[in-house]
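S.K.: Okay, these came from TrEMBL:
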type: ACT_SITE; residues: His61; note: active site, proton acceptor
type: BINDING; residues: Asp62, Val65, Gly67, Asp69, Ser71, Glu83; note: Ca(2+) 1 binding site
type: DISULFID; residues: Cys30-Cys110; note: disulfide bond
type: DISULFID; residues: Cys63-Cys68; note: disulfide bond
type: DISULFID; residues: Cys116-Cys311; note: disulfide bond
type: DISULFID; residues: Cys195-Cys220; note: disulfide bond
type: DOMAIN; residues: 20-315; note: domain 'Plant heme peroxidase family profile'
type: SIGNAL; residues: 1-19; note: signal peptide
type: SITE; residues: Arg57; note: site 'Transition state stabilizer'
Amino acid sequence: MASSLSVAVLLCLAAAAAAQLSPTFYDTSCPRALATIKSAVTAAVNNEPRMGASLLRLHFHDCFVQGCDASVLLADTATFTGEQNALPNKNSLRGFNVVDSIKTQLEGICSQTVSCADILAVAARDSVVALGGPSWTVGLGRRDSTTASMDSANNDLPPPFFDLENLIKAFGDKGFSVTDMVALSGAHTIGQAQCTNFRGRIYNETNIDAGYAASLRANCPPTAGTGDSNLAALDTTTPYSFDTAYYSNLLSNKGLLHSDQVLFNGNSTDNTVRNFASNRAAFSSAFSSAMVKMANLGPLIGSQGQIRLSCSKVN
């Protein structure tokens, strides 16, 4: 009862935050903000398609830890411990340079107006669009945190070895439905993962296509500490297109991570995976709706927090 109550409270807070955020927030104060972000993101993704997944992941890893407040962007200092060295983030988060470049451009046209948290939310949407995926309306007006939480990053971000039950709980704790969770997992239609995160799957699991496992072993040795950071595409079919191939791959036992394949493994989510694999419109709609929910997780608004001058440090 307590946990369903806390989720209900969370949903009410998210709804209240959504009412405060507005897609027209910068129309007067920084009318070129959205166009500036879109242009920079599109250029970055055209230059390196993987960057789209990196920017989308930054937004996710931001919002799941104390809300969408750009806490993930705060770098460690001698007196401050941020989230970037938490286990799910260490040596794998990327895209900071793109965010910093966007922030510099925005400071040049309207100083201390557009928050780093809003940059992350818009950049995630523009990245998906740049790779052929759906668009959605991003409410704006988030402010930036002055704090970060390594503990929350270690505890709240679902790891790649999670089973279905753990995934449902991790996303449910943030107010997401099971369908939302399966749709958000579809972000793995782009991006790459490190060998250390799928080694156990390709050597120890049986619900994996034999040819697919063999091809992955070639670049991911069985011994921990060897080739740990070697990369493989999360979607082996169309790694740089935001489409439904991720779900089709699951139907063929070609999910890269344990937490991918558990979505289609004789479980309650099998039918949702089948539906998304065959119905792009259904996936696009579910993904967009879940991303709107994601962007409304615990934002700082009004006079809370600050508008950082540099995204990597508190003013």
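For all residues, glycine too, the Cβ spot is worked out from N, Cα and C.
I'd like these features described in context: how deep, what's nearby, how far apart.
M.R.: Every protein chain shown contributes to the tally, and the Cβ of His61 (active site, proton acceptor) ends up with 22 other Cβ atoms within 10 Å.
The Cβ of Asp62 (Ca(2+) 1 binding site) lies under 8 Å from the Cβ of Cys68, Asp69, Ala70, Ser71, Val72, Leu73, Ala117, Leu120, each on the same chain and at least six residues away in sequence.
Residue environment of Cys30 (disulfide bond) contains 18 other Cβ atoms, counted within 10 Å of its Cβ in all protein chains.
Residues within less than 8 Å, Cβ to Cβ, of Cys116 (disulfide bond) and separated from it by at least 6 positions along the same chain comprise Ala70, Leu73, Val99, Lys103, Asp144, Arg308, Cys311.
Summarising the environment of Cys220 (disulfide bond), the number of other Cβ atoms within 10 Å of its Cβ, over all protein chains shown, is 23.
In sequence order, Leu93, Gly95, Ala187, Gly191 make up the list of same-chain residues 6 or more apart from Arg57 (site 'Transition state stabilizer') whose Cβ falls under 8 Å from its Cβ.
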S.K.: Within the domain 'Plant heme peroxidase family profile' (20-315) only, compute the mean pLDDT.
M.R.: 97
S.K.: Excluding Asp62, Val65, Gly67, Asp69, Ser71, Glu83, please set out which residues of the same chain place their CB within 8 Å of the center of the CB atoms of the Ca(2+) 1 site, keeping sequence order.
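M.R.: Result: His61, Cys63, Phe64, Gln66, Cys68, Ala70, Val72, Ser145, Ala148, Ser149, Ser152, Ala153.
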S.K.: From the Cα of Val65 (Ca(2+) 1 binding site) across to the Cα of Cys220 (disulfide bond), what is the distance in angstrom?
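M.R.: Approximately 30 Å lies between the Cα of Cys220 (disulfide bond) and that of Val65 (Ca(2+) 1 binding site).
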S.K.: Cα of Cys195 (disulfide bond) to Cα of His61 (active site, proton acceptor): how many Å, rounded?
M.R.: 20
